[in-house]
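Peer 1: Right, I'll just put the structure down here and ask away after.
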Amino acid sequence: MIQVIVLSGPIGAGKSSLTSILAEHLGTQAFYEGVDSNPVLPLYYKDMKRYTFLLNTYLLNHRLAQINQAIQEKNSVSDRSIYEDALFFKMNADSSVADPTEFKIYNDLLENMMEDTPGNPSKKPDLLIYIHVSLDTMLKRIKKRGRSFEQISTDPSLKDYYARLLKYYEPWYENYNASPKIMINGDKLDFVTNMNAQKEVLKEIDEKLREIGNL
């Protein structure tokens, strides 16, 4: 049975941590975003207006390559969904940080690349797991992992950016319909440091996988 699971959620939600936990639990291959090897991301944080389109096209290419590899592996867990990159782009377009025409071009490109074609396996996941966190939890985890370009101590304006981002996530999750989905409460269930919370999260995911016939 092919089982492709993707994680989603804002910066600092714990996607990579849950990817590792879930991949070990299910005995599947884990795929990671590779933030530290992304040459565009630090540039984006310095000048979002200039680098939004470049960052999103870079990520689109990277994620499509990951999806193709994940399909070949048959069973996999990825720490970021290709669908939520458009959320960042839309937020920047709405706030005039990005050009609306660039956003439309990107969105059309994404839809064309994700379209199912005869004879090719579907690029859609079997399950999307969304980790909901509050701004407070988000900021604590961003500070803890210590990536310099993400810190509000370096750039205080990032706090407003993160707060705006959270406002886009809930509607995005509610409207997501490319696959079955489940929401994990990342505030209530600290699966990174609390083993009981981790067991509860894995139980919820296992139940969802059984419900959709993938376990």
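Just so it is clear, glycine is given a Cβ too, placed from its N, Cα and C backbone atoms.
Pulled these features from Swiss-Prot for this protein:
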type	residues	note
ACT_SITE	Asp79	active site, proton acceptor
BINDING	Gly9, Pro10, Ile11, Gly12, Ala13, Gly14, Lys15, Ser16, Ser17	ATP binding site
BINDING	Glu33, Tyr45, Asn56, Arg80, Asp85, Glu150	substrate binding site
Peer 1: Who sits close to Ser17 (ATP binding site): which same-chain residues at least 6 apart have their Cβ under 8 Å from its Cβ?
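Peer 2: Sequence-distant Cβ neighbours: Phe191, Val192.
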Peer 1: Going by Cα-Cα distance, pick out whichever of the binding-site residues Tyr45, Asn56, Asp85, Glu150 is nearest to Ile11 (ATP binding site).
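Peer 2: Closest by Cα distance to Ile11 (ATP binding site) among the binding-site residues Tyr45, Asn56, Asp85, Glu150: Glu150.
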Peer 1: Three-state secondary structure of Glu33 (substrate binding site) from DSSP?
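Peer 2: SS state of Glu33 (substrate binding site) = coil.
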Peer 1: Measure from the Cβ of Gly9 (ATP binding site) and count the other Cβ atoms within 10 Å, all protein chains considered.
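Peer 2: Other Cβ atoms found within 10 Å: 25.
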Peer 1: Check the Cα distances from Lys15 (ATP binding site) to each of the recorded positions Tyr45, Asn56, Asp79, Asp85 and keep only the ones within 10 Å.
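Peer 2: For Lys15 (ATP binding site), the recorded positions whose Cα atoms are within 10 Å come to Asp79.
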Peer 1: Give the residue from the binding-site residues Ile11, Ala13 that has the most other Cβ atoms within 10 Å of its Cβ, counting over every protein chain displayed.
Peer 2: Ala13
Peer 1: What recorded positions among Gly9, Ala13, Asp79 are found with a C-alpha within 10 angstroms of that of Glu33 (substrate binding site)?
Peer 2: Asp79
Peer 1: Under 8 Å Cβ-Cβ from Asn56 (substrate binding site), six or more apart in the same chain: what's there?
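Peer 2: Counting only residues 6 or more apart in sequence, the Cβ neighbours of Asn56 (substrate binding site) under 8 Å are Asp85, Ala86, Phe88, Phe89, Tyr106.
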Peer 1: Whole-number Å distance between the CA of Asp79 (active site, proton acceptor) and the CA of Gly9 (ATP binding site)?
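Peer 2: Here the two Cα atoms lie 9 Å apart.
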Peer 1: Can you tell me which of the binding-site residues Tyr45, Arg80, Glu150 is spatially closest to Gly9 (ATP binding site)? Compare CA atoms only.
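Peer 2: Closest candidate to Gly9 (ATP binding site), judged by Cα separation, is Arg80.
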Peer 1: At the level of the C-alpha atoms, what whole-angstrom distance separates Arg80 (substrate binding site) and Ala13 (ATP binding site)?
Peer 2: 11
